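Accompanying notes for the structure given below.
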Amino acid sequence: MAAPSEGDTASLLPDLPGGPLQAYRARASFCWKELALFLEGEDMLRLKKSIFSALEDDPLFARSRGHELSLEKHRELTFLRCKRVLERALLRVEDMVRNPQSVLTLITCLGTYDWSLAQKCLLHLLVFGFAIYKSGSERHLEYLPKILNMEIFGCFAVTEVSHGSNAKAIRTTAHYDPATEEFILHSPDFEAAKFWVGNMGKTATHAVVFAQLYTPGGRCHGLHSFLVQIRNPKTLLPMPGVMVGDIGKKLGLNGVDNGFAMFHKVRIPRQALLNQTGDVTPEGTYVTPFKDAKQRFGESLNNLSIGRAIIVAMSVVNLKLAVSIALRFSATRRQFGPTDEEEVPVLEYQTQRWRLLPYLAAAYALDHFSKWLFLNLAEFQQGLMGTDRGTRQAELGREIHALVSGSKPLASWTAQRGIQECREACGGHGYLAVNRLGDLRNENDPNCTYEGDNNVLLQQTSGYLLGLLELRLQGGARLDSPLGTVDFLEAYPDILDQRFSRPSVAGCSESSVPLAAYEWLVCYLLRESVQKVNQEKRSGNSDFEARNNSQVYRCRSLALAFLELTVVRTFHEYVHQPSVPPPLRAVLQRLSALYALWSLNQHTALLYRGGYFSGEQAGKMIENAILDLCAQLKDDAVALVDVIAPPDFILDSPIGRADGELYKNLWTAVLQESQVLERASWWAEFSASKTHVESLKSRL
């Protein structure tokens, strides 16, 4: 790609305003615009700018201060904004197909502004729409234009009241009636009601509903998806036999109307079955291209992998927003100093740097990983929609499933901890709602549980690793994978014999050092997990009990360590590639090393217990290297934030604005709150009541 001209760069990345942050910007070791261009590319920067500008220039998206919307108004506004986004065609379908990363950019840009809006668009356009496109066939293509112009509005209904993670046990049924060529959709009781379904509460007219498919004779063919009309598009009244409603207010994301639905013997045409993985003939015969029922089941739930990969990116965005706010605040908030007359920015304090800069490094590392993962997932999906059913495609599917299942917990938990640290690092000002950190915390929170509970998903990742090792031990098959994330396990026995040996702190401040330690750690935890599972089986426990009793301290830790290693490795390789411009190499490699060492430091006890570390110097070297890297990155922190922070209108945090005028912006925001200088509205009534009571007392 040719380098953009100076004029192009200025239009894509306008100069930031002067002010108190300028002192740190002047000390940066690199040009923030050059780093932004390298990380994003001109096309993605242009797309981001067009989305952000469209939102800022449209009065419908104006920020409102001083009053809270009612639940009903909040949902109405979010729906209208979703409609406007689709009307504006901020991203054309052909662009999505040509460059899948643009899809991720659209969702994350909308979420940077408001996650309720992003979720509503995501659920309708990508989750619902893509499910029909991918799981259906030619007979379902007629619905795609209706989705794009919002003639119909959709949702994706898997979860039930009594079943979430265990999708196989879903109890909604679809019995085929050959006499009428219809399926009879039925919820046997409230426990089988579809629940937590985004968009279903008030606005969805259609749903992709998962149910157990039965053919005549009572044979169950497992979980399948059906396109079901649940409301009249003109009146939004429920269709006959459908009970549908809103589940009420949540801790956050209240612009999204999560709902429930129950079906009482609702008849839907045979063609409503999304028949990519299985179909029923008019006479009632079940046909499927899959010989393996497990493979067909996995294929039918493949949409969940897309959702989980997007949740990884959503979590990263929340972390990026939080560290942007906290670091700009820390660079302008002055407290104490060497003398009573001189106060210094709190970013100058070692503790503040140690609290925040590792999360800045995590935001960069996880951001690169989430894009890498999404693009590989998109390639896999394109293969599935074609005719590729080869061995490599199957291996790629298993590897991506393990990565997606483990990366959602890693990213959402890292963001959860990071947002809380940023909130506390901003003191009382971080607790003020107008500064947005509270909203970020609440809106990131569901990332830890929806599309699969984090702790349950980690079992998918550890199961993949244990299965690979078992195959290796049984038949001597090579341990490799299409994306190369497990190739290091080929040297499994040799890696376990390695020990930490690094003569100096400076030697530790390079991401290859924690990379080697992580490989040992994963091999150690893999061995420990296998031994624990086998011990449980020898004790007479079933496979189910053996797996269940091996999660804590073994399989769970194995899955997280493997994902941390994968993030460390992908970012390490990215920042050490020859194409990195020389002025950017030092800062990127410091970020890579800091994330790797900081993540590894959480496993110090295991490194000592397993014998990789010995003596107190090993642990001290890691800690001192972390502190040294934080000190080296301190002067670059504001410029690094400038690369990832959105425009002020989108960031919407007075203490995080680009001009750094902390107190001026805070004062303006406080004054915009309604009735801030007025007497409490309830005081007159209270005062009159108090006077009445005193009058009665005087008469007694």
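Here the Cβ of each residue, glycine as well, is placed from N, Cα and C on the backbone.
Automatic prediction, not curation, is the source of TrEMBL annotations.
TrEMBL lists E451 with the feature active site, proton acceptor. Annotation source TrEMBL lists FAD binding site at T159, G198. Per TrEMBL, domain 'Acyl-CoA oxidase/dehydrogenase middle' is recorded for 155-264. According to TrEMBL, the feature domain 'Acyl-CoA oxidase C-alpha1' maps to 305-466. Annotation source TrEMBL lists domain 'Acyl-CoA oxidase C-terminal' at 513-687.
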> Using Cα coordinates, what distance in whole Å links E451 (active site, proton acceptor) and T159 (FAD binding site)?
Replying inline: 9
>> Give the mean pLDDT for the domain 'Acyl-CoA oxidase C-terminal' (513-687) on the 0 to 100 scale.
In response: 93
>> I'd like the per-state residue tally for the domain 'Acyl-CoA oxidase/dehydrogenase middle' (155-264) from DSSP, helix first, then strand, then coil.
In response: 6 helix, 51 strand, 53 coil
> Which has the fewest other CB atoms in a 10 Å radius around its CB: T159, G198, E451, the listed recorded positions?
Replying inline: T159
